[in-house]
Amino acid sequence: MTNPIIPRVGIATDAHQIEAGKPCWIACLLFEGVDGCEGHSDGDVIAHAIVDALLSASGLGDLGSFVGVGRPEYDGVSGTQLLKEVRELLESRGFVIGNVAAQLVGQTPKFGPRREEAQQVISDIIGAPCSLSATTTDHMGFTGRSEGRASVATAVVWKV
């Protein structure tokens, strides 16, 4: 009898404060005319939450242990690069990415018109289906006051 393939699920959140004048990267897409998020990297909350969820699902740590803020080679790193590197890491450890899902929480940018484009971009990077959504918090909390953005993500992987 062979061992069944058992899916592993990871969940993660990411949040960043909005920084006036910084480019706005969300789900590996640049949103023109919208202030971006502060951070050691590009501030892409969706990409970061997905990376964290993939690391969680595979048992390989979290975003902080993966890149860490003390590593200068990751200063300003893009969400695209982080997703590529975590995919390579998972594959090198014998994991396959099943799918990911993430939700943007914030007042801006208007995500709906670019949702399908973002899903395709991330899917192409990770080699697996990606589902994305967005919501506001009806002007409650730091995301509702447009002080920051957040994302929640889940990932399914399995060991081959």
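We count from 1, first residue shown onward.
Every residue gets a Cβ built from N, Cα and C, even glycine.
Divalent metal cation binds Asp14, His16 as Swiss-Prot records it, and from the list His40, His48 the residue named for this site is His48. The C-beta environment of Thr137 (4-CDP-2-C-methyl-D-erythritol 2-phosphate binding site), restricted to residues of the same chain at least 6 apart in sequence and closer than 8 Å, consists of Val105, Thr143, Gly144. His48 (divalent metal cation binding site) has none of the recorded positions His40, Thr135, Thr136, Phe142 nearby, counting only those with a Cα within 10 angstroms of its own Cα. In the three-state DSSP scheme, His48 (divalent metal cation binding site) is classed as helix.
Taken residue by residue with DSSP, Phe142 (4-CDP-2-C-methyl-D-erythritol 2-phosphate binding site) is part of a helix. Taking the C-alpha positions, the distance from His40 (site 'Transition state stabilizer') to His16 (4-CDP-2-C-methyl-D-erythritol 2-phosphate binding site) comes to 10 Å.
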